[in-house]
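Reviewing the structure listed below.
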Amino acid sequence: AGWLFWRVMACGRQSRGSKRQVILFILCVCVCQSGAETLRYSLAEEMERDSFVANISNDLGVSPSQLAARKARVVSEGSEQLFRLNQNTGILTAKESLDREEICPQSDTCTLFFKIFFENPLQLIRGEVEVRDVNDNSPEFPEKEMVLEILETAPPGSRFLLESAQDKDMGSNGLQNYSLGSNSHFSLALGTGKDGVKYVELILERQLDREEQRELNLLLTATDGGSPPRSGTAHVQVVVLDANDNIPVFSREVYEVRLTESSPPEQLVVRVVAADPDEGSNGKVRYAFTQTSERSRQLFELNPVTGEIRVAGNLDFEEAKNHKMVVRGTDGGGLSSHCKVQVEVLDVNDNAPEIALTSLTASIPEDAPPRTVVALFSVRDRDSGDNGRTECTIDGNLPFSLSPTFDNYYELRTNAALDRERTAEYNITITAMDWGTTRLSSQESIFVQISDVNDSPPEFTQEIYTMSVTENNSPMLQIGSVNATDADAGKNAHVRYALVRQEGKEQPNVSVNSENGEVYILRPLDYEEVRAFEVMVRAADSGLPPLSAQAVLRVVVRDENDNTPVLLHPPPDSSATAGELVPRWAREGYLVAKVVAVDADEGQNAWLSYELAKATEPGLFRVGLHSGEVRTARAVAERDTPRQRLVVLVRDRGQPPRSSTATLGIALVDGFSDAHLRVIEEAPAAEPDGLLTLYLIVCLACVSALFLATTVATVVVRVRRARKREAESLPTFPKAATESNAGSLPRSYVYDVCFAAGTVNSEFRFLRPLFPCFPSGLPPGPGEQRSSMCSQEVANLGEEGD
């Protein structure tokens, strides 16, 4: 079968088209080989950890490198794994020290079963290891002190059954012989029961005499057949009793009972009854276990007075299906008899199925084809019959299915296409349920992670990204960002951004950060040149091969108030004197001129308003706020200056606003013909016109000088007349006050206090000293001032009084 397996593998490599047929044939060969080939080994118990069991590589004819390549592993039956397989050497070792008495407590032979699994392709090899017994246990008596009551009338040859020793070892290492210490009354007899269990009887060789010796102490020794042999001892105390000629008799020699393993403690199993026709204490029978294993004594308890046997522990059908006990009935005189009690344990569905995971692929790619093997596991139920029959299911609607393979093994396979972007991981719950009346189940969760394959391109959050930037921006200004997401994972989801180069077009004035998608403007923009532009942005992942997507990036340039209004009329380079003609008869609202300006900006930055900034006659003209029309604000009067100069301010509504000014020259004329003549005369002309202008200027200067002299003379005359009237109205001061130096103050500190009548509050004023006025032609006295000074002060006083 091994040769055929490798031959089929070689054929499978040559023909890829028949791959599926080759795999099916290999599975059949493997199953046949697993059923036909069984590896058998033996190992002594109590060996050290990692003890050598076998060389699997040599026994199967497979090199260690093939063991590692095919992921060979060993799986023991049951929940505990007892063996370990080294894939590098092919050596099978025991993981722990094996104790035969613990593993197989009630079996003459102890065989451990295991299976060796190979992958690529799947193959199963069965194996078994027999655990050899070594003499590591000594015989032990259930009771170290035994009391045996014998009537003194017992005839020689009477036999008395003694407690047998128990030896956990088997075969030649088990219990082999008994010996009795030297005495003059008893000897030993060995026997073997129908069940193969050895027992020992005490034979009375010489008549007992209670009056001579009331009790005897004997030493009973049990010896096994090991090398070296082991032994155990017990003390037998023989109590000699008075005569009792009737022995207890049980109603049945064998009591057979059937009991379910779920029987609760204290449940009655059976009641044994022994009758003794003797009277008194010799007729009272007491019961006790004898020739009964220690495990049975733990599971059952015997009432020594009533003979009732009740459940004392937890029965387990899987541990022991039958229990055999011997009950001894002893009367008060020491006579006894025996009966057997056989309890058959009935199975109930008390064990849930056990799921043991053998192989698991923790991660599978999302493009794995259907029927891909994910895990291999076995199901075991320790019950029997339908209680041990199991079935497995998967909870939920998942893209996985279970396929039974061989024995009680199942394969977990995919049954549909996987998509990591929809479900990145699966928590598969496998439920194993038996077929018992009360069905029991157990669950095992298998975590399977789906590895990513680059099958999802990036996706932009928007098909069109619109961003705005104000003109005259600073270089490398960030105006926003684009964002694309990729449903894949790892490097397949790492998105990088780039602009799509378009042939025949100049390089765009925008840049995109390849890592985070931030958008930058490389150079300052001018709204008046470019108001908007579009570029294509590509987002590509880092998978192999990479996948990409594109989006439109539209950049809108916002206007900034960076242009001042431009005057169209009047032209900015025109002379302020070149003006408009307005007749003297113009009424209010007469249209004089219209200021026209434009602004290269847009929107509010281009909304223009007009206002009059400066005018020769501020109230004569007005300017339309939005129209720029210059109109008369009132009718033109004769007193208005013939020539008017207006400065019109043109301002936009930007922030901050920008403005320009227009200067208008306006001439007020009586008639349009005279106006035209004046315009011609004022315009630059040849030499005769220039001489005439000079004459006009000289005449105007003479007239102005004459008018100024007349005005000054008029003012002087009026001032002198006013001073003369004030001098005549002044009072005269006494002579004593003016000429005498006597007084509290000197003359230079005399003040006049004046109160203005008709005012709410009086005013206190400090005036200059008053000096007396002397008649014309008289010289002043010592320390006095001249009359002219007095007259001046009087005049001043009059002015201040006024």
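Each Cβ is built from the backbone N, Cα and C atoms, and glycine gets one as well.
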Between the ranges 319-340, 385-406, 781-802, TrEMBL assigns region 'Disordered' to 781-802
Any contact between the domain 'Cadherin' (461-567) and the domain 'Cadherin' (251-355)? By contact I mean 3+ C-beta pairs closer than 8 Å, pairs at least 6 apart along the chain. no
Counting by DSSP, what is the helix, strand and coil composition of the domain 'Cadherin' (142-250)? 3 helix, 54 strand, 52 coil
Selection from 39-141, 142-250, 589-686, the stretch that has most Cβ pairs under 8 A to the domain 'Cadherin' (356-460): 39-141
Averaged over the domain 'Cadherin' (356-460), what pLDDT does the prediction give? 86
Counts by DSSP class (helix H/G/I, strand E/B, coil) across the domain 'Cadherin' (589-686): 15 helix, 43 strand, 40 coil
